[in-house]
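Since the structure comes first, as structure tokens, the remarks are kept for the end.
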Amino acid sequence: MLDKGRISSVQLMLVLFMVEMATAFLLVPSIVAQAAGPDSWLSVLGVATAYGLAVALICVALGKRFPFQVFTEYLPEVLGRVPGKLLAAAYTVVFIHLTSVVVGENSIFIHTVFLRETPPLIINLMMVGAAVYGVYLGVEVLARANEMVFPIFILSITILLALVAREIDLDHLRPVLANGPLPVLKGAMVPAAWRGEVFFLLLLYPYLNQKNEALKSAAGTVLMSGVFAATVTAVTIGVFSDLVASRQIYPVLNLARYISVAGILERLELYLIIIWMAGVIIKLAVFYHSCSVMAASTLGLKDYRVTVFPIALATIVISGRLYETDYLKLVEFLSKFWPFYGYTVELLIPGLILLVAVIRKKGGNRVDF
């Protein structure tokens, strides 16, 4: 265990929630509406939640067998030294790429709607620099910082939804399942992969000081994020309709722009962006921490911090080369490739690792649910 910090079960739940939702709520309504139409909220609430719970169960089962090691540390024990190290290296590379995607998502957003004259590289350096500073402080500090960010994040979105509630047209959400269940299933592909980010439990489990609460924390995260994302999606479509929402780049941001209270409260999107950025930095910090720990464990290093700067530099370069300001290229990856990418690393491979561990009797049942 390369980080000596400790987090509580509540802190774990809140961190996992921020990992799932900090970026998803901006993009999910638009992407899902293209496939599921008025039933988009069902895609987010039903199918995606079921997938997230499946990932959570597998992750808790693996964590229970290896309670004091992160995922990449016990792969050699389960698969053998060479295959295990190769898979650990592959996971490290995959998550460095995924971190680059998160950097790209947020850089494009800030550059597009807020700082159009600022070069994307400067935005990336500021955002990544803040996240990396948190990584050097350790997982316990990140969890405590998130405890301050989380209530403000939730409260701001709740106020936003409440202020636009009177503009909801329920006809935009009816009739339910008019086109059958197939569009709902298609629409669930992208949000399910986001909800599967509860996989980060495998990289945070060793730091949990109440390991018997892991399942409650993971399930709580999945259910809470399901209700949150479904509510945001339903309100967005209720206000704009699925056709309009599917054609908008950031429909939730447009909800904030839609608000006008007595001609006094207007242009609230700036406040939303500031609060959202705090959540994004927490998410990025968790991603960088996980990448650094995976890299250090794969390379046999005793301190994960020596890998933080090289990984941060790599993600900035990769993000700039792949996306920079190309929103369409980013959305193409998220809508067409991310689901299968996510299902493989979140569910399929951990499920197979659990199966092999059970068959080969690796690890143990040292921690009860």
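Cβ atoms are placed via backbone N, Cα and C, with glycine included.
According to TrEMBL, the protein carries these features:
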| type | residues | note |
| --- | --- | --- |
| TRANSMEM | 12-35 | transmembrane segment |
| TRANSMEM | 41-63 | transmembrane segment |
| TRANSMEM | 122-142 | transmembrane segment |
| TRANSMEM | 149-168 | transmembrane segment |
| TRANSMEM | 188-208 | transmembrane segment |
| TRANSMEM | 220-240 | transmembrane segment |
| TRANSMEM | 270-291 | transmembrane segment |
| TRANSMEM | 303-320 | transmembrane segment |
| TRANSMEM | 340-359 | transmembrane segment |
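Counting Cβ pairs closer than 8 Å and at least 6 residues apart in sequence, the transmembrane segment (188-208) and the transmembrane segment (12-35) reach three or more and so form a contact.
With Cβ pairs under 8 Å as the measure, the transmembrane segment (220-240) is packed most heavily against 41-63, out of 41-63, 122-142, 149-168. Counting Cβ pairs closer than 8 Å to the transmembrane segment (303-320), the top stretch among 41-63, 122-142, 270-291, 340-359 is 122-142. Among 12-35, 41-63, 122-142, 270-291, 340-359, 270-291 has the largest number of CB pairs under 8 A with the transmembrane segment (149-168). Between the transmembrane segment (12-35) and the transmembrane segment (340-359) there are fewer than 3 Cβ pairs closer than 8 Å, counting only pairs 6 or more residues apart in sequence, which means the two stretches are not in contact. Between the transmembrane segment (340-359) and the stretches 41-63, 122-142, 270-291, it is 41-63 that has the most C-beta pairs under 8 angstroms.
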